[in-house]
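Now, the feature entries from TrEMBL:
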- 7-415: domain 'TRAP C4-dicarboxylate transport system permease DctM subunit' (DOMAIN)
- 46-65: transmembrane segment (TRANSMEM)
- 101-122: transmembrane segment (TRANSMEM)
- 134-157: transmembrane segment (TRANSMEM)
- 169-191: transmembrane segment (TRANSMEM)
- 211-233: transmembrane segment (TRANSMEM)
- 239-258: transmembrane segment (TRANSMEM)
- 270-292: transmembrane segment (TRANSMEM)
- 312-341: transmembrane segment (TRANSMEM)
- 353-375: transmembrane segment (TRANSMEM)
- 395-419: transmembrane segment (TRANSMEM)
Amino acid sequence: MITALLLFFLTLIVLTVPVAYALGLASTFWIWLTEAVPFILIPQRMYTGLDSFPLIAIPFFILAGKFMAVGGTSDRLIKVALVLVGRFRGGLAYVNIVASMFFAGITGSATADSSSIGGVLIPSMIKRGYDKDVTVAVTATSSTIGILIPPSIPMVIYGILMDQSIGRLFVAGALPGVLVGLILMAVTFLLARKRGYPKEPPYNFQESIKIFIEGILPMLTIVIVLGGIIWGIVTPTEAAVLAVFYAFFLGFFVYRSLTLAMLPRLLLETILLNGIVMLMVSAATIFSWIITSQQVPRLIGDFLMGMTQNRFILLFIFNLVLLVAGALLDLTPAMIIFIPVLAPLARYVGVDLIHFGVIVVTNLGIGLFTPPVGACLFVSCSIAEVNMSDILKGFIPYFVGMFIALMLITYFPELSLWLPSLMR
């Protein structure tokens, strides 16, 4: 009967039914078909999936990102990045990556990064003679750094699912996020030289100091979030609330670009985005419960353990499964469906669950710029007014770079575990 559940779900996905609805409808269909449990279980399990205090952090991180966006934060971060790396060949591509690393410490969302940074840089890069395939590829891939460098909404969800410290998960993603940025810059270095992309005019010393002063305040958000968690001053949820107050203070009192008249719209947008996340979480919870109750994780575990108990081989298999899942599903439902299946196996072969969380988020982050779903790729293509099929040539080098980063993160756990080991 579990086959019927999966087939019905896949059919709905092929018919382009939204993932949250597909999960809920498939679960309802299975319960109706099997009569194994009463229908009242559906709302009960959906509510259970949302009944978690750390989930409160998600709308606050979304709102903080909204306040920063209207405050002109992306423009200021881009200028700081221009001062740092704009003078190199292919400067705007480097700026795209560095600005995404800065922006990651504010929003915790890859799609917010691709729309905010991409909305400014994609038209500028095309105007300066950058090929559209590289422009879209570097924007889509670098935006996924946003879910590694804290704060990270997917890390919150993983921490809830596996009962792991969200603070430690936030800290664990910092170095891997920087590693991804460096590898993407290495790919950009090769492409910029091969295609002859231009350098940007350098700033003089006085201009550079002025830009750094203007840009340093938004970047202090990551100090508030990450520093407060590392030093044990605040919980991740409290850090999210502090980020909202700090973002409001900057936008309303310092930059004066945020007005009270904007608040209803920003709050409504936050409610809608949070509603989408919560709907997917609740729908995926009942779907995941059905899979677990039918012993699917045990069956898969027995199958894989029968093949090999080598940790390195199993981790490679996990990566392949998660890469495919990320390419076909949205990030949140993919986590809720596959983590209960794979995480116990990872723990059995000695993989630290904090490290495994970083592996999961990196894999599913790659899915955000991989067709056919690829939310970040879709946003970037829309801004550049180009089809996904037209950017394949520029996409492949960045995908290879991300895969190399994934392998390093997977097989060098110290990248993820060193900073958490310093926490109190």
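Indices start at 1 and increase along the chain as displayed.
A Cβ is built for glycine as well, from the same backbone N, Cα and C atoms used for every other residue.
Caution: TrEMBL annotation is automatic and unverified by curators.
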Closest-packing stretch to the transmembrane segment (239-258), where packing means Cβ pairs under 8 Å, from 46-65, 101-122, 169-191, 353-375, 395-419: 46-65
The transmembrane segment (395-419) versus listed stretches 169-191, 270-292, 312-341: most Cβ pairs under 8 Å: 169-191
Range from 46-65, 134-157, 312-341, 353-375 with most C-beta pairs under 8 A to the transmembrane segment (101-122): 134-157
Tertiary contacts of the transmembrane segment (353-375) (same chain, 6+ residues out, Cβ under 8 Å): 110-111, 137, 140-141, 143-144, 147-148, 152, 154-155, 158-159, 162, 164-165, 168-169, 172-173, 176, 180, 315, 318-319, 322-323, 325-331, 334-335, 338-339, 342-343, 346-347, 388, 395, 398-399, 402-403, 405-406, 409-410, 413, 416-417, 420
Contact check, the transmembrane segment (211-233) vs the transmembrane segment (134-157), 3+ Cβ pairs under 8 Å, seq sep 6+: yes
